[in-house]
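Residues or ranges marked as domain 'Amino acid transporter transmembrane' by TrEMBL: 37-436. Annotation source TrEMBL lists transmembrane segment at 42-62, 68-89, 115-135, 162-181, 193-213, 233-251, 271-294, 324-343, 363-381, 387-410, 422-447.
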Amino acid sequence: MTILVSADRKYRRSPKKPLLPEKWGHQEPVEVGLDGASFSGAVFNLSSTIVGAGIMALPAVVKQLGLIPGLILIMLGSTLTELSIDFILKFSRASKSVTYAGAVGESFGSAGRTLLQVCIVVNNLGMLVVYLIIIGDVLSGTSANNIHHKGVMEEWFGQHWWTSRISLMLLTTLFIFAPLISFKRVDSLRYTSALSVALAIVFVAITAGVAIAKLMDGSIVMPRLLPKVIDQASFWQLFTTVPVLVTAYICHHNVHPIENELKDPTQMKSIVRTSLTICSTVYIATSFFGFLLFGDQTLDDVLANFDGDLGLPFSSLLDDVVRVSYGIHLMLVFPIVFFSLRLNVDGLLFPYAIPIAFDNRRFFSITIALMSFIFIGANFVPSIWDAFQLTGATAAISVGFIFPPALVLRDTCGIASKKDRLIAWIMFLLAVFSSIVAISCDIYSSYMIEKHT
């Protein structure tokens, strides 16, 4: 078995040592018994990377934009994501880079490479802290405005030390995350990724079933088709949905780790298209049925809408199934996002070392340090949704829709067509404009809230 290095040769070179080989065939396999990754395994891993916490915020996006513009924007997000990944793959192959950061380094030097890695680290850390906070909310509950919303474990077993938030998050970290983040190949997560995608589909199926049942008994009104714009402020507020959509589709940081393990790397373009088709279908169904079911009462996290009476028989059971399945879904998405986080942190700290998969001491030291940081952040940050939205408007949008078109516009390999340049300019300008507006609206909203308190 041969394994591609996890970073580019140019940057994995010691000043005193010759260039490291691109293939590590002379090394002992990282995990015994594993051959090249299959098409289906890669699809599940990439789909799991895409479908994370963002799925729960999409019904609120549709509520803000209206049904028609909201669904159109979700489909546009999928199209732009596919185009941006095509740019990355095209310029990676032209520059013989085996990582996203390597391709950016070829075009913009070490400063550009470092900036991209910082953006990936900030984005992934933010996502993983949010994942762990949501898992804590699902299992143990949360309190807001002096009102305590019980988690499923507290509802089932009552209040005990082992049903407390910190205890459940610690148990999840030790017995679920620790084994899953210890794999050195992303393909080792293909089965957990397949299960996570299946659980996301379970959520969609339940939401659709409840919405259709209530539609048939006449208890659902026609959802709003267009945005409610009453003044200039409400118009600009529409752009705050962009970071949520961007975050929902970010998977660029895992494209190369998945491609590098494939039996046939030429399949990567088809894998991206298949994954995006699956995920955009799930997103559209979730957004449509979630907004249809809850209308203008749709909360920023639609999961919070499933804590009361749905107006159907076995409502409490359905609520629990939705929350538990989604909590397990996030637990299984966590390691796939952690994988690229660890690679990029290692690339920042040890740019000239051998690939991290071949250095156990470095591998486990970085793993433990990152997991400790995420655990502390999830336990001591009271609410990071505003910060997460800010991260989506900066780090996530840079990773997904600023660096890819920048590769095309820079075009150090001389391979960009006129069509590529046109698409790149449109993508770049849309991303920068949306980011500036979203950040400005977030800052203004925070200022107005503080002013009135």
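Just so it is clear, glycine is given a Cβ too, placed from its N, Cα and C backbone atoms.
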Worksheet entry | Recorded stretch that, among 68-89, 271-294, 324-343, 422-447, has the most CB pairs under 8 Å to the transmembrane segment (42-62) | 271-294
Worksheet item: Relative to the transmembrane segment (162-181), which of 115-135, 193-213, 422-447 accounts for the most Cβ pairs at distances under 8 Å?
Response: 115-135
Item to complete: Using a Cβ-Cβ cut-off of under 8 Å, list the residues of the same chain that are 6+ residues beyond the ends of the transmembrane segment (363-381) and lie near it.
Response: 125, 128-129, 132-133, 136, 165-166, 169-170, 173, 177-178, 181-182, 184, 338, 341-342, 345-346, 349, 356-357
Practice prompt. Tally Cβ pairs under 8 Å between the transmembrane segment (387-410) and each listed stretch (115-135, 271-294, 324-343, 422-447), then give the stretch with the top tally.
Written response: 422-447
